[in-house]
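K.L.:
This is the structure I have questions about; it appears just below.
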Amino acid sequence: MITLFRRFLLIGGPVLLGVWLLLPAGLERSALYAGIGALSVAACAVAARHWRSWPWALFAAGQGCAVAGDLLWTYYADIAHIDPFPSAADAFYLAQYPLLTVALLLLARRHRSADDHLAQLDSTMLVAGLALPYWVLLIAPALAEGDSTLGTLIALGYPLGDILLLAGVVRLLLVTGSRNTSFRLVTVSVVTLLVADVTFTFAEDSTLGTMAFLGSYLIWGVGALVPSAGAIGDPSPRAQTLTRRRLFTLSGAALLAPGVLIVQLLAGVEPSTWAVAITSAVLFILVVTRMAGMVRRLEEQARQLATQARRLDELARTDTLTGLPNRRTLAAQLVRDMATTRAVHAPFPVAILDMDHFKHYNDTRGHQAGDDLLAGAAMAWSLLLRDGDTLARYGGEEFVLLMPGRTEDEAARLLDRLRIATPELQTFSAGLALWDGEELPDHLLHRADVALYAAKNGGRGRVVRAVPDRPGAHPLQ
């Protein structure tokens, strides 16, 4: 049924519009006008029921008020032959604006995000800027006409209703959300309605303005019946960004106040000084608030980036399993410790530790138990170190311990304490090498590694000291 209804509006709508153009002014033409509006009401009601959507229900109610106003206007003008302004028809016409605006705001509310306050500021800036032309062209002249109080209030109600509706559609356009076919059709129909209202204000009998009202009805009806109508309020994962288009639009809104003043001066019209001044002040405050929000957002992003950079740097320097420095960090620390101990002529022993029978432990107890053993050993050993010592994971079950400032005997005693502290009654073998003050880092580690293999071959669970392999080398003691 929805598909057939949509096809009828797409095909029959333009036909009905053409028939309306051909009919002479009178009851038949006015009745067809109201009938086209009723089709839009029915379409919105179908969408509200099908999608169980409050926004579409409010759209139907708002359009229904407009159609009720059309029927009353037809009665006054074509049957009773009395002036339909002001009348009860205006009450229904004016009632549509808050209903349609609430529906638009409900759709915008579904799109709320962490940057929602920025979208609200942007919406307020646009509405404040666009409200000035409404004041100059529509509201101020209505106040100056000197009609009855009721007539003046009703005349003011239409431009104020337009501003209200404008606020709703701008709010919806500036939030991040689904830009599907239904969304676009509803937006076009609202803009068409606003254009029709302005046209009707200046030329009540304008055929173009009346066609705009009918076009708004038909477009709204099609928008209610397309398949994407149920997703018109769905949020989008995109983040709020100040795009070039948005920046251009906001800049244009901010320049409307001086633009209106310039046009009035060039046209020789008495300038709306107070309106321009108040609008300019409001826009200035909003722009400053928007800039402050952008600065806060940039500062927050900078803090987040700094935190992420520190985290990435930590991950790049740290072994994930044990929390110890990784091989890359070890290499840099080894060079620094060599430079420091050489400068103060301090001894610098280095040891490579390897867990004994780790493969068997890992195979019999499981990989998780093996990981827990390595992490537990790293924690237990770290508690016995002093400031300046560096324990790093070298790879697999191997660790390297840098002990700048300790003598070789002190280093050997420390390794014995570490063996006792190893969890799960496990042991390790270690090769201990004392830097000779000249050899390169790789050579020092190679000597410690050779000593480690000697400890393994000697029965494991022991520390073997490396001997200098360069003639004439004298390790610092």
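Just so it is clear, glycine is given a Cβ too, placed from its N, Cα and C backbone atoms.
Heads up, TrEMBL stuff is auto-annotated, nobody curated it.
Heads up, here are the entries from TrEMBL:
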DOMAIN    346-468  domain 'GGDEF'
TRANSMEM  7-25  transmembrane segment
TRANSMEM  31-49  transmembrane segment
TRANSMEM  56-76  transmembrane segment
TRANSMEM  91-109  transmembrane segment
TRANSMEM  121-144  transmembrane segment
TRANSMEM  150-173  transmembrane segment
TRANSMEM  185-202  transmembrane segment
TRANSMEM  208-226  transmembrane segment
TRANSMEM  247-267  transmembrane segment
TRANSMEM  273-293  transmembrane segment
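Distances, neighbours, how buried they are, the whole picture for these features please.
P.N.:
Residues 1-2, 5, 9, 13, 16-17, 19-20, 23, 56-57, 59-60, 63-64, 66-67, 70-71, 74, 210, 213-214, 217-218, 220-222, 224-225, 229-230 of the same chain, all 6+ positions outside the transmembrane segment (31-49), place their C-beta atoms under 8 angstroms from a C-beta of that stretch.
A Cβ distance under 8 Å defines the sequence-distant neighbours of the transmembrane segment (91-109), meaning residues of its chain 6+ beyond its ends; these are 54-56, 58-59, 61-63, 65-66, 68-69, 72, 154, 157-158, 161-162, 164-165, 167-169, 171-172, 175, 177, 190, 232-233.
Same-chain residues lying 6+ beyond the ends of the transmembrane segment (121-144) with a Cβ under 8 Å from its Cβ atoms: 152, 155-156, 158-160, 162-163, 166-167, 170-171, 174, 198, 201, 246, 249-250, 252-254, 256-257, 260, 264, 272, 275-276, 279, 282-283, 286-287, 289-290, 293.
If one looks beyond the transmembrane segment (150-173) by at least 6 residues along the same chain, the residues whose Cβ comes under 8 Å of a Cβ in the stretch are 85-86, 90, 93-94, 96-98, 100-105, 107-108, 111, 119-120, 123, 126-127, 130-131, 134, 138-139, 142-143, 187, 190-191, 193-194, 197-198, 201.
Through the fold, the transmembrane segment (185-202) approaches residues 59, 100, 104, 137-138, 158-159, 161-162, 165-166, 168-169, 172-173, 208-210, 212-213, 215-217, 219-220, 222-223, 226, 232 of its own chain, all at least 6 residues removed from its boundaries and within a Cβ separation under 8 Å.
Nonlocal intrachain contacts for the transmembrane segment (247-267), taken as residues 6+ away from its ends with a CB within less than 8 angstroms of a stretch CB, comprise 122, 125-126, 128-130, 132-133, 136, 276, 279-280, 283, 287, 290.
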K.L.:
Between the transmembrane segment (56-76) and the stretches 7-25, 208-226, 273-293, work out which stretch tops the count of Cβ pairs under 8 Å.
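P.N.:
Stretch with the highest Cβ contact count: 208-226.
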K.L.:
Any idea what the model's mean pLDDT is for the domain 'GGDEF' (346-468)?
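P.N.:
For the domain 'GGDEF' (346-468), the model's average pLDDT rounds to 94.
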K.L.:
For the domain 'GGDEF' (346-468), give the DSSP counts of helix residues, strand residues and coil residues.
P.N.:
55 helix, 28 strand, 40 coil
